[in-house]
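Here's the structure we're looking at; comments come further down.
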Amino acid sequence: MTVHPDAEPRSENHPPVTMPGYLYLLALVPPLASAVAVVASYDAVPDPMPTHWGFSGEPDAWAPKSMSTLLFGMLLGPVICVLAMAFAGFMMRTLSASLFERGGARSPADARRTWHELRMMQPVVGVYCVLLSTSLTLLMLGLNGPWEWLQGMSGWLEAVAMLGIVASTAWLLVTTARRGEAVAERFPFEDGRRRRWLIFVEIPGSDRVMVDTGTGSNFTFNVATRGGRIGAVVLLVVLAAAGLMLLATAVTALF
């Protein structure tokens, strides 16, 4: 393995960054609890069974009673979330393990900064996935739950789930932005870039609209340029619209 001359040995100071194992377990708890509840109460599920509950708290779709159909509807969202969490953890571990090898980063400073960013991001992303798994489980329960007690409660479950998705995503963006700024202050970028509007960057004197975030694997808008500002505003409008739509849906479900 070839190491940059002024880089610290990876084996001693920069080991591969790993997702805390307990976060995987916590992310699995909500869907597993949901699956256990489905299996334990399956005999009491009517035939045909409700497969979708509206915001009014009344079922509006039915299907022949089937364990596989029921589990698929209840677990699809949370399982995808857990798989995405595992993939994100794998990718960050792989990237952190190669940073100090030839071709891993453009400079030793970039390698050290990126490693510290990944170490900061791993637990934050893990906690976010736990919150998202919980919210998606509640959402799937509200939408697909087969139990009679759900009558009148589905709207509340869906509302809580949607609020959880919006709140946890906002927390993720704010937390990663603040911690990323702290890392950048400790290991400044050579081009003087600074984070702007949570997910964008500003590089004084640069005419590049899209720039990589430091490793060449992720890109964002450079708001120092006109095109970058336009792209950033459009993206923020789309994200805000999606968040407002979820909030409006949650309010509709409650009232």
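All residue numbers here begin at 1 and follow the chain in the order shown.
Positions of Cβ are set from backbone N, Cα and C atoms, glycine also.
These figures come from a predicted structure and were not determined experimentally.
Residues in the domain 'DUF1648' (33-74) partition by DSSP class (helix H, G, I; strand E, B; coil) as 19 helix, 10 strand, 13 coil. Here TrEMBL flags 33-74 as domain 'DUF1648'.
Under the heading transmembrane segment, TrEMBL lists 21-42 (among others). Cβ atoms under 8 Å from those of the transmembrane segment (21-42) belong to residues 67, 70-71, 74-75, 78-79, 81-82, 85-86, 89, 123, 126-127, 129-130, 133-134, 136-138, 140-141, 146-147 of the same chain, restricted to positions at least 6 beyond its ends.
The annotation transmembrane segment is assigned in TrEMBL to 70-92 (among others).
Residues or ranges marked as transmembrane segment by TrEMBL: 123-143 (among others).
The feature transmembrane segment is assigned by TrEMBL to 155-174 (among others).
Using a Cβ-Cβ cut-off under 8 Å and counting only residues 6 or more beyond its ends in the same chain, the transmembrane segment (230-254) has close neighbours at 55, 155-156, 158-160, 162-163, 165-166, 169-170, 197, 199-200, 209-210, 221, 223. The transmembrane segment annotation in TrEMBL covers 230-254 (among others).
Long-range contacts of the transmembrane segment (123-143) within the same chain: residues 19-20, 23-24, 26-28, 30-31, 33-34, 52-53, 73-78, 81-82, 84-85, 88-89, 92, 150, 153-158, 160-162, 164-165, 168-169, 171-172, 175-176, 179, each at least 6 residues beyond the stretch ends and with a Cβ under 8 Å from a Cβ of the stretch.
Mean pLDDT across the domain 'DUF1648' (33-74) comes to 83 in this model.
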